[in-house]
Amino acid sequence: MSLFRAGASQSWSCLSVHLHICRELSWFIASRLGSDVGPRGAAVPLSYLFLFLSSFWTVSEDPEPQDRYHGIYFAMLLAGVGFLLPYNSFITDVDYLHHKYPGTSIVFDMSLTYILVALVAVILNNALVELLSLHTRISVGYLFALGPLLFVSICDVWLELFSRRQAYAINLVAVGVVAFGCTVQQSSFYGYTGLLPKRYTQGVMTGESTAGVIISLSRIFTKLLLSDEKENTVIFFFISIGMELTCFVLHLLVKRTRFVRYYTDGSRQGAESHGTGTGTGTGYRVHHDVTADDVRFENREQGQPSSPRGSPGPEAELAGSGTYMRFDVPQPKIKRSWPSFRDMLLYRYVVSRLIWAYMLSIAMTYFITLCLFPGLESEIHNCTLGEWLPILIMAIFNLSDFVGKILAALPYDWRGTHLLIYSCLRVVFIPLFIMCVYPNGQPTFGHPAWPCIFSLLMGITNGYFGSVPMILAAGKVSPEQRELAGNTMTVSYMTGLTLGSAVAYFAYSLTSTSHSSCFYTETSNGSFTSGY
């Protein structure tokens, strides 16, 4: 009996020592968190210790998921296909457009309409990025893209319900609606992939070029297999509609995967931990560390007192050693509100300061490209190849652009200023392509091989220098700001497209009278345009 009492006494003694150690550790943690715990040795809830230990347990319970079979990457590649495929469908059937609207600037009109509407859409999407959810914007974009494709292919191309003048206007309106939907998709997807690892942004941009390649091949094969212009054009549009539906369904499936939710939910939680507020409004505090080139945003509830100067906060420095330990203390549920217009502008300004060189680089790349493609390239004709030459040139550009975007996946950390310089050097393509159509009737580079070579080089450089800035820019900001950085880069991208299309449209006078007589004699006598 005495032995049992001695053992029990020893066990209680060990337990009391352990409890004393736990209470001491809880008192220390609570004091470092700024809680009013009283003198040393006072009773402190052990929940502080449990919170401390749970911060380690939660990390090990949720390992980072892997894209084992590259299915997510393939889905992002198809996403890039989805938001450029509708517009490419409208402009790649350039032979159909030239037959139906001879002597008009239909390709230039479509390009300019698309770009102007797209610029408005991307600015609107950038402004509403905090108000509408990411997947809502993407889904609405898909619906806006599918509707015009179905309407034009059935009502205009197949059933021919409209006169030539009405069809011309309807096609431009359809391109405008497609531009709005696809640009909202595109801008949202760049923000979306900015939350994921870098390779997925490259996958989306590769998908953009894949769309051009697929559409070019689709047009070539439908034209080769079916001689009737109306039939091959209807089938061409239906192929595009089927692919767009596939991309939409795949997006709905992929957004529910554990891999995507791991990154998007983590980023959202990070953003919410930095920004919560009441119904009366919020206030951003922007911290810009110039030496570290880092930006932090804090959004604190108005009226909520901040911690006293010098007092430790949720991130407490322990023992003066410079080591920081984070304690995730549960916070009360508070109503969320939207930042003010001034805060939103400041938010975007600070992000732009970090990625300005990448913004200018991508804008310059697409400005030079849109000065020449698709407008000027669609007006390059040859008596031997006839209407096949512009189709061939566009196919070469789309294929080489695809190769350039694959090369963008090579690991090389470009400086922003170097990217900007190389993007500006591409301006040499403008005089080269002008000499392919000027002087009228006898251009300097009259052989069809020249525009094909220039299109090949322009496509590779466009694919590379149009992708690398978008890929690298997301890594220059904190994870919580990557969606906004992706949207901001898309604004620059669309600005370059808009300015390039405007220059191409105003330069149309150089090529408007340069068509060879052999081409228009053939098209004017074609059976397809009879009755117009």
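Heads up, the Cβ atoms here are built off N, Cα and C, so glycines get one too.
Nobody curates TrEMBL annotations by hand; they come from automatic prediction.
Values in this document were obtained by computation on a predicted structure and should not be read as measured data.
Here is what TrEMBL records for this protein:
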TRANSMEM  42-59  transmembrane segment
TRANSMEM  71-91  transmembrane segment
TRANSMEM  111-128  transmembrane segment
TRANSMEM  140-159  transmembrane segment
TRANSMEM  165-184  transmembrane segment
TRANSMEM  234-254  transmembrane segment
TRANSMEM  354-376  transmembrane segment
TRANSMEM  388-407  transmembrane segment
TRANSMEM  419-441  transmembrane segment
TRANSMEM  453-472  transmembrane segment
TRANSMEM  484-508  transmembrane segment
Contact between the transmembrane segment (71-91) and the transmembrane segment (453-472) (3 or more Cβ pairs under 8 Å, separation 6+): no
Stretch contact, the transmembrane segment (140-159) with the transmembrane segment (484-508), Cβ-Cβ under 8 Å, 3+ pairs: no
Tertiary contacts of the transmembrane segment (234-254) (same chain, 6+ residues out, Cβ under 8 Å): 71-72, 75, 78-79, 81-82, 85-86, 89, 93, 138-139, 142, 145-146, 149-150, 152-153, 157-158, 214-215, 218-219, 222, 226, 260
Listed stretch, out of 111-128, 354-376, 453-472, 484-508, that has the most CB pairs under 8 angstroms to the transmembrane segment (419-441): 354-376
Of 111-128, 354-376, 388-407, 453-472, whichever stretch has the most CB pairs under 8 A to the transmembrane segment (484-508): 354-376
Same-chain residues at least 6 beyond the ends of the transmembrane segment (453-472) whose Cβ lies under 8 Å from its Cβ atoms: 190, 198, 201-202, 205-206, 209, 358-359, 361-362, 365-366, 369, 372-373, 377, 393-394, 396-408, 413-414, 416, 419, 422-423, 426, 429, 432-433, 436, 486, 489, 493
